[in-house]
Amino acid sequence: MATTGSRSTLVLVYLTVAVLVSPALSAPLDGAGFHSATCPQLESIVFSSVQGCDASVYLKGRGTEQAMGPNTTLQPRALQLVEDIRAKVHAACGPTVSCADISALATRDAVVLSGGPNYTVPQGQFDSLAPASQNVVNGLPSPATSSVSALARAFSGKGLRDLADLVALSGAHTVGRTGCPFFRDRAQRMDDAFSRRLAANCSAAPNRLQNLDVVTPDLFDNGYYKALVNSQGVFTSDMVLIKDRTTAPIVQQFARNKDAFFAQFAKSMAKLATAPRPGGNVGEIRRNCFSPNALRAIDTVVEAGEEEGFTASA
């Protein structure tokens, strides 16, 4: 059984797994009852799996280890928990639930287990027919992003055009940790006491992990926003939210009122899942979350051919 601390080291921005396994949508998805007939135990399987796993490897967001382009562990580590749950779900119900739906449910459950809000997860989403291209992954905003306008463009490309969505989903940094290379831009600025402390800490211990929320690092709450108000954001992209006049009032509201943050976070997560995009909900239910079914079929044929060749030459 994982501790509360290990569960809450995740950074829960659904964008990372969404771009890896989900197709674009053109219509709203069904609600929580979509799988009630074919897999009534779905949500209990997902919840018990998230509760019993170290969720620190799950859904790292922008700027954390898994979201960095050069890091080749991004896809395997981000999807391993979802794949483990998929195996349990398909064993119990058959191949009726997509990795995309499982990842959305696991995200919600990890938020709740870390102290965050509960919310309805739209279901019925297929998995994409092709692996995400590096261009799609690179479309996620960088932690070194130094303007709200650049962040807003990135979020708008995901169907999130309201600045409240940008600020609320950035609040997933209320839990999680990151390494020194991922906030080097912020530390090297040395333009306030906190950035100078970040620089000094990383100089003394380059492999240390830094809490993204220095107020309440192991709880999903509004401590992240309180830290921003005190100029204690770890990423440059965090600090621009409090420095920009268009987003600063939202940050200040969330710092004062946790319920307001929770309500907007739940709303923004629902919008993220159902945002209209060209292409439609076209795809498949993957038999393995790491790769589309067509690629797995090709691998199976190649492996079979290699095995036959070895036997013939023996």
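Cβ atoms here come from the backbone N, Cα and C positions, even for glycine.
Curation does not apply to TrEMBL; its annotations are automatic.
Under the heading Ca(2+) 1 binding site, TrEMBL lists VAL50, GLY52, ASP54, SER56, GLU65.
Annotated Ca(2+) 2 binding site per TrEMBL: THR174, ASP213, THR216, ASP221, in sequence order. Sequence-distant contacts of ASP221 (Ca(2+) 2 binding site), defined by Cβ-Cβ distance under 8 angstroms and a gap of at least six in the same chain, are GLY115, GLY116, THR174, LYS258.
The feature disulfide bond is assigned by TrEMBL to CYS99-CYS289 (among others).
The disulfide bond annotation in TrEMBL covers CYS180-CYS202 (among others). The Cβ of CYS202 (disulfide bond) has 19 neighbouring Cβ atoms from other residues within 10 Å, across all protein chains displayed.
Sequence annotations record features per position, and here TrEMBL assigns signal peptide to 1-26.
For the pair ASP213 (Ca(2+) 2 binding site) and VAL50 (Ca(2+) 1 binding site), the Cα-Cα distance reads 22 Å. Of all the binding-site residues listed (THR174, THR216), THR216 has the fewest other CB atoms within 10 A of its CB. Counted within 10 Å of its Cβ, the other Cβ atoms near ASP213 (Ca(2+) 2 binding site) come to 30, all protein chains included. Considering other CB atoms within 10 Å as the measure, the emptiest surroundings among the disulfide-bonded residues CYS99, CYS180 are those of CYS180.
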